[in-house]
Amino acid sequence: QTQLFGVLLAAASNFLISVSLNIQKCAHLRLVCQAEQKPYYRSKLWCCGITLLGLGEVGNFTAYGLAPITLVAPLGCVSVIGSAFISVFFLKKTMRTADILGGTLTITGIFLLVTFTPNVPQELTARQVQNYLVSWPFLVYSILEILIFCILLYFYKRKAVKHIVVLLMMVALLASLTVIAVKAVSSMIALSVKGKMQLTYSVFYIMSVLMATSCAFQIKFLNQAMHLYEATAVVPINFVFFTTSAIISGVIFYREFQSAALLSVFMFLFGCLLSFLGVIIIAKKKKEDHLQVPFIDCGHIPGQKLTGKIQPDSHCSCYGTLNKEDDLVKRQS
């Protein structure tokens, strides 16, 4: 029952995040249309959206303490498909066939994930976290991850390689540490609330620092990717990389598939594949709406009299003419 509650909480939290993002986008669009511009943080609509975002993130944090990482992380696709469908109501966008197909595949994948995720104990004590930290599978995994991250960071800093895969690979490597720390901190807080005090152990504060640090650098590289590339490319690739790294970290650190049957593992991975495919289809070729301007407004030109609209013709390079006292412009045009 605890795991089921964690699943429902994760799904509801991600749906809440998708609602908040659409509300924030709607607030920004309304501010652009207003004659008197004001900061976005003074908008009540934007404040409502950011509040919902905070509630969604708190719900996700709690869900990591109630359900396995291998189940909570893939449920991030709920925010992607939720955003695609909610934008029809908030932003008046058109529902595409790709959205319906992608949503169907993603929902099918979620069903398989929930059905075939192994039921593992979720009461995670500080002593268990300490034992996991010094286990040889995690030590080997940590060394490999640090080596790969250092190589990527070298190419990013020294060689100025800012390819989307390089940036999002670094985000994914940091995210694997983030989800490990988030689950440990959330579980220890939940046990402490129940009366089994875990906050006196030093590992709780070590994990809290790891969570904050890895999350901060993760946001830095993700913002860099969003600045350089289209969201339609960043969102699906980041989701696939993040989910894969989170599942691997959950399997290695928390041993969540240690006693799982081969069929359950296969169906779980198939559910992940369907979710990945659905998110990619939804995000593919989705472009932002731009303000449609009927003609190019060049403003008033001193000393000149406008004779026609400044409207580019698709078949010629002429942008209109201006009256002049001499016939030079007429002969040139």
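From the backbone N, Cα and C atoms, a Cβ is placed for every residue, glycine too.
Because TrEMBL annotations are produced automatically, they should be read as predictions rather than curated entries.
Taken verbatim from TrEMBL:
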type	residues	note
TRANSMEM	6-24	transmembrane segment
TRANSMEM	45-65	transmembrane segment
TRANSMEM	71-91	transmembrane segment
TRANSMEM	98-116	transmembrane segment
TRANSMEM	136-156	transmembrane segment
TRANSMEM	163-182	transmembrane segment
TRANSMEM	202-222	transmembrane segment
TRANSMEM	234-254	transmembrane segment
TRANSMEM	260-283	transmembrane segment
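Counted over residue pairs 6 or more apart, the CB atoms of the transmembrane segment (260-283) and the transmembrane segment (202-222) come under 8 Å in fewer than three pairs, which marks the two as apart. The transmembrane segment (6-24) makes no contact with the transmembrane segment (202-222): fewer than 3 of their CB pairs lie within 8 A, with pairs spaced 6 or more apart in sequence. Comparison of 45-65, 136-156, 234-254 by number of C-beta pairs under 8 angstroms to the transmembrane segment (163-182) places 234-254 first.
In this chain, the transmembrane segment (45-65) does not touch the transmembrane segment (234-254); fewer than three CB pairs sit within less than 8 A of each other, excluding pairs fewer than 6 residues apart.
When Cβ-Cβ distances below 8 Å are used as the criterion, the transmembrane segment (98-116) is approached by residues 7, 11, 71, 74-75, 77-78, 80-81, 84-85, 263-265, 267-268, 270-282, 284-285 of the same chain, each at least six residues removed from its ends.
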